[in-house]
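Structure, as structure tokens:
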Amino acid sequence: MNGDDAFARRPTVGAQIPEKIQKAFDDIAKYFSKEEWEKMKASEKIFYVYMKRKYEAMTKLGFKATLPPFMCNKRAEDFQGNDLDNDPNRGNQVERPQMTFGRLQGISPKIMPKKPAEEGNDSEEVPEASGPQNDGKELCPPGKPTTSEKIHERSGPKRGEHAWTHRLRERKQLVIYEEISDPEEDDE
């Protein structure tokens, strides 16, 4: 089994909590008062452990993730003079796109619509590259569609169409169907 699933298994009453889980709980406990922590169920504690792990994983990947709400209070206390002055990564941070926990799965590039051609110019401009490889040659001839245009031509069904409509094809040969009678009907 996966080691991260250790939190999902609930320890039996009187059993010792494994050291790994206890350490994770201790990391989270510092964000809550003692009364809040003792009132919390084990499932809530596990939820906060996973939330903190997600936040740390996203920041390691370079995303500027929103700080989980339970961590905001502690971060505000740190800002008043504790750890932020001694943080070695503080000056080395690079501006990255801001992500929230739920949006990580739905990452997709935004496609901007093409601007309409000006009235006086009917032909589309083709980008040119200069350099030793191309020497001013056109990247794509004006008559042929680009790869992105081909993709957009073959894209899936439009809104309102049935999902399988674009996959249906006509038969090349005519098929003749015969009606088959049931043997029970013939007996009567």
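Here the Cβ of each residue, glycine as well, is placed from N, Cα and C on the backbone.
The region 'Interaction with SSX2IP' annotation in Swiss-Prot covers 1-80.
As annotated by Swiss-Prot, domain 'KRAB-related' applies to 20-83, with the evidence given as sequence analysis. Sorting each residue of the domain 'KRAB-related' (20-83) by its DSSP state yields 46 helix, 2 strand, 16 coil.
Residues annotated as region 'Interaction with RAB3IP' in Swiss-Prot: 25-80. Model confidence over the region 'Interaction with RAB3IP' (25-80) stands at 83, taken as the mean pLDDT rounded to a whole number.
Marked as region 'Disordered' by Swiss-Prot: 76-188.
The phosphoserine annotation in Swiss-Prot covers S108 (among others).
Taken from Swiss-Prot, the feature phosphoserine covers S123 (among others).
Annotated compositional bias 'Basic and acidic residues' per Swiss-Prot: 147-164, in sequence order.
Summarising the annotation, Swiss-Prot assigns compositional bias 'Acidic residues' to 179-188.
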